[in-house]
Amino acid sequence: MTVEALRPKGSGSIHPGTGASHARIWGLGGFRPERVVPNSELVEAIDSSDEWIQERSGIKSRRWAGPDDTVVSMSEAAARDAIAAAGIEISQIEAIIVSTVTHPYQTPAAAPIIADRLGLRCAAFDISAACAGYCHGISLANDMVRGGSAKFVLVIGVEKLTDFTDLTDRGTAFIFADGAGAAVVGPSDFPGIGPTIWGSDGSQWETIRQTESWLDVRDQGLGHPTIGMAGQSVFRWAVWSMAPVARQAIEAAGITPDDLDAFIPHQANMRIIDAMLKQLKLPADIPVARDIAETANTSAASIPLATERMLREGEIPHGGLALQIGFGAGLVYAAQVIVLP
Ligand code: UT7
């Protein structure tokens with residue numbers, strides 16, 4: 001069939017959606033659970049020490065959700081914070097994208113429930129891209145605003161990892177934690193979100209995963225599954241493969257490392273952050289997100305939480321350029337340069 005034959009007859013052509021010329025992040029919000037858990041509370045169950053955890057990961061403490069904190073409730077809090085920071089009305093949100101791997105229902109998604117909590121009936125769906133989920137969500141929101149499918153999009157990265165962590169597992173018990181971060185993406189007069197460099201390597205899917213499938217849990221009468229990680233393999237992949245991705249995101253944005261005002265990588269391990277910094281040859285004095293020390297690894301929430309904190313504490317400038325990169329289970333990754341709200 002020729003392309004000509006596919007063209008609609010007469011006046012029956014479809015009107016293309018028209019969106020904004022550009023998109024940017026209007027505001028950021030976060031929710032950090034109240035309970036602070038220092039390394040000393042964890043070490044006995046994993047035969048570890050505060051010194052070992054700090055030296056190998058940079059983590060000093062983390063936040064754990066309380067019994068009343070859920071993926072939905074933490075998201076709602078972060079969302080309200082982000083919408084207030086954006087200076088818009090809740091009713092202006094036309095789509096919600098939630099990135100999470102710890103919503104405890106296989107279906108439905110968390111996003112429609114969060115929308116309902118906000119009094120909205122807008123498009124609402126979850127994505128599963130683990131620790132890279134927030135950067136995936138920002139990319140989708142950018143395209144949605146520019147494509148005309150929504151004027152304002154709420155992107156949420158949220159995890160209650162403690163519900164899926166084995167506190168006797170030496171490889172994960174001290175790493176994973178809880179929290180939610182959110183961003184409002186909307187129309188802009190200038191490009192506020194650079195091209196996303198993203199991809200996957202599914203051949204390594206087993207390196208971070210739910211320990212057993214739901215079917216094995218059912219058929220073999222297994223207990224509650226948790227998230228397991230082949231730490232060393234993921235560490236090597238992150239250190240060697242992610243710096244080139246970050247470099248491509250800088251180039252795709254048409255800037256040089258010297259133009260950056262912040263480097264905000266996923267908070268997986270302080271040593272991974274340091275190794276990436278070295279490889280990227282960023283300016284020596286560039287502010288770098290090191291939220292992992294007090295927040296540990298909150299997967300999809302780590303980048304928005306770190307960014308929100310750095311902005312609030314005046315460490316990075318409103319209107320500055322930040323390079324953000326997420327990477328994790330899949331294995332998947334996504335990176336882009338953004339203008340800080
Ligand atoms: O968020 C998604 C992406 N995630 C990541 O990027 C995480 C990547 N991985 C990591 O951050 C690191 O692999 C960990 C922090 C998880 C582990 O650090 P590591 O330096 O890779 O430790 P290792 O597994 O190579 O273990 C080193 C040693 C071993 O002892 P030997 O064989 O050298 O005697 C382990 O038995 O440390 C021992 N060890 C521990 N010791 C005290 C392993 N876990 C512990 C522990 N406490 N919790």
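Please read every residue number as a count from 1 along the shown chain.
Including glycine, each Cβ sits where the backbone N, Cα and C put it.
Curation does not apply to TrEMBL; its annotations are automatic.
Per TrEMBL, the feature domain 'Beta-ketoacyl-[acyl-carrier-protein] synthase III N-terminal' maps to 125-202.
Taken from TrEMBL, the feature active site applies to Cys131 (among others). The Cβ of Cys131 (active site) lies under 8 Å from the Cβ of His266, Ala268, Asn297, Ser299, Ala300, Ser302, Gly326, Phe327, Gly328, Ala329, each of these being in the same chain and 6 or more residues away along the sequence.
Residues annotated as domain 'Beta-ketoacyl-[acyl-carrier-protein] synthase III C-terminal' in TrEMBL: 251-338. Mean model confidence for the domain 'Beta-ketoacyl-[acyl-carrier-protein] synthase III C-terminal' (251-338) is a pLDDT of 97.
In the three-state DSSP classification, His266 (active site) falls within coil. For His266 (among others), the entry in TrEMBL reads active site.
Counting same-chain residues at least six beyond the ends of the region 'ACP-binding' (267-271), those with a Cβ under 8 angstroms from any Cβ of the stretch are 56-59, 131, 175, 234-235, 238, 289-293, 295-298, 302-303, 306, 327-328. As annotated by TrEMBL, region 'ACP-binding' applies to 267-271.
The active site feature in TrEMBL is assigned to Asn297 (among others). Mapped onto three states, the DSSP output places Asn297 (active site) in strand.
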Checklist entry - Counting other CB atoms within 10 A of each CB, which of the active-site residues His266, Asn297 comes out lowest? => result Asn297
Checklist outcome for this item: The correct three-state DSSP answer for Cys131 (active site) is helix
